Amino acid sequence: MSTKEKLISHVMKEEPVGSRNKVTVVGVGMVGMASAISILLKDLCDELAMVDVMEDKLKGEVMDLQHGSLFLKTKIVGDKDYSVTANSKVVVVTAGARQQEGESRLNLVQRNVNIFKFIIPNIVKYSPNCILMVVSNPVDILTYVAWKLSGFPRHRVIGSGTNLDSARFRHLIGEKLHLHPSSCHAWIVGEHGDSSVPVWSGVNVAGVSLQGLNPQMGTEGDGEDWKAIHKEVVDGAYEVIKLKGYTSWAIGMSVADLVESIIKNMHKVHPVSTLVQGMHGVKDEVFLSVPCVLGNSGLTDVIHMTLKAEEEKQVQKSAETLWGVQKELIL
């Protein structure tokens, strides 16, 4: 008899039971690992699968996390073969060519489209009913690419979008007012990145409109220069990349925030990237961030946000820029 047989007596033969809320992270780079640890520490799934083409790096990261299993409640698996991702509830795609210092997100695009042509069909093969969350940049275009390549309905393909931009915005407003970001309600919509749109008309604390107190807020004529806060949001990622070489922690936490709303069916409103054709005067098939309700089925509803004419014009301009790139893509 083996030690195990001496220690344990079987009462019944267990039938293999699949995971109820499995999450997969594709890509074990800085963003993938920050997303993985954020998901693990929030205890969001009973199984976390990780997949990447770089076998040694993947194996090392998975082992490193598994060594912490005592402190977690989640089974951690990893392989370069996508069969390890089978029956995932949510698949988070962080893989792709990394943005170089000074490189615009749009510049990355065709490099990443080619990577997606391998990734997306594999996800669909093993998790045909999953909710697909795209994090790789440029996120709005790649969410469109993932939607096209997957054949999924639009409510099951979500881009992480401006969830992080809005978090940065709320943090900076909070710094200026000496308040916690959760008490500063503010939204950034449109493109994740350089042409994102701050909705100054909606910024409020405890229901008090800040633009009601300072009608010039967000304009050139504002003596308090609130506009600089949005510039800081846009420059924030470039600044972090310049200082440490990449961004990871905040986007990882943002991803876990979105995964939580889906897995726990919270019906929470997030600014995420979705198909906005027909909204805010957008005519083309583009994905941009607007406030959306996230739950177990994915993206269930879109909130009709009241935008001022100038804000709406900026959203349309973003859409035109993205469509200009998208129509050149070889899918």
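For all residues, glycine too, the Cβ spot is worked out from N, Cα and C.
Per Swiss-Prot, active site, proton acceptor is recorded for HIS192. When secondary structure is read from DSSP and collapsed to three states, HIS192 (active site, proton acceptor) falls in the coil class.
Feature annotation from Swiss-Prot assigns NAD(+) binding site to 29-57, ARG98, ASN137. Cβ neighbours of ILE37 (NAD(+) binding site) (same chain, under 8 Å, six or more residues apart in sequence): LEU65, GLY252. Annotation note: ILE37 (NAD(+) binding site) sits in a helical segment as assigned by DSSP.
Taken from Swiss-Prot, the feature substrate binding site covers ARG105, ASN137, ARG168, THR247, and the record attributes it to similarity to another entry. Under a cutoff of 8 A between CB atoms, and with a sequence separation of 6+ in the same chain, the neighbours of THR247 (substrate binding site) are MET30, VAL31, ALA237, VAL240, ILE241. In the three-state DSSP reading, THR247 (substrate binding site) counts as coil.
A helical conformation is recorded for ARG168 (substrate binding site) in the three-state DSSP classification. Ranked by how many other Cβ atoms sit within 10 Å of their Cβ, the recorded positions ARG168, HIS192 place ARG168 at the bottom. Cβ neighbour count for LEU41 (NAD(+) binding site) (all protein chains, 10 Å cutoff from its Cβ): 14. Among the binding-site residues LEU41, ASN137, ARG168, the ones whose Cα sits within 10 Å of the Cα of HIS192 (active site, proton acceptor) are ASN137, in sequence order. Secondary structure at ASN137 (substrate binding site), as computed by DSSP, is coil. Reported as a whole number, the C-alpha separation between VAL53 (NAD(+) binding site) and ASN137 (substrate binding site) equals 18 Å.
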